[in-house]
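K.L.:
Before we start, here is the structure in question, set down as structure tokens.
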Amino acid sequence: GLPICGETCFTGTCYTPGCTCSYPVCKKN
């Protein structure tokens with residue numbers, strides 16, 4: 001629910017644990 005995980009997810013995948021893709025950026029749950 002929180003911004004921001006420091007990566008984009010244009011590929012649809014977030015590599016940071018605990019983060020999900022909220023296109024086009026990863027966000028913490």
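We count from 1, first residue shown onward.
Heads up, the Cβ atoms here are built off N, Cα and C, so glycines get one too.
According to Swiss-Prot, the record shows the following:
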- Cys5-Cys19: disulfide bond (DISULFID)
- Cys9-Cys21: disulfide bond (DISULFID)
- Cys14-Cys26: disulfide bond (DISULFID)
K.L.:
According to DSSP, which kind of secondary structure is Cys19 (disulfide bond) found in, if we only use helix, strand and coil?
P.N.:
strand
K.L.:
Here the disulfide-bonded residues are Cys21, Cys26; which one has the lowest number of other Cβ atoms no more than 10 Å from its Cβ?
P.N.:
Cys21
K.L.:
Cys19 (disulfide bond) to Cys26 (disulfide bond): how many Å between their Cα atoms?
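P.N.:
So the alpha carbons of Cys19 (disulfide bond) and Cys26 (disulfide bond) sit roughly 6 Å from each other.
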K.L.:
Far apart in sequence but close in space: which same-chain residues, 6 or more away, have a Cβ under 8 Å from Cys9 (disulfide bond)?
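P.N.:
In sequence order, the residues whose Cβ lies under 8 Å from that of Cys9 (disulfide bond) (at least 6 apart) are Cys21, Ser22, Tyr23, Pro24, Val25, Cys26.
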K.L.:
Under 8 Å Cβ-Cβ from Cys14 (disulfide bond), six or more apart in the same chain: what's there?
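P.N.:
Non-local contacts for Cys14 (disulfide bond): Cys5, Glu7, Thr20, Cys21, Cys26.
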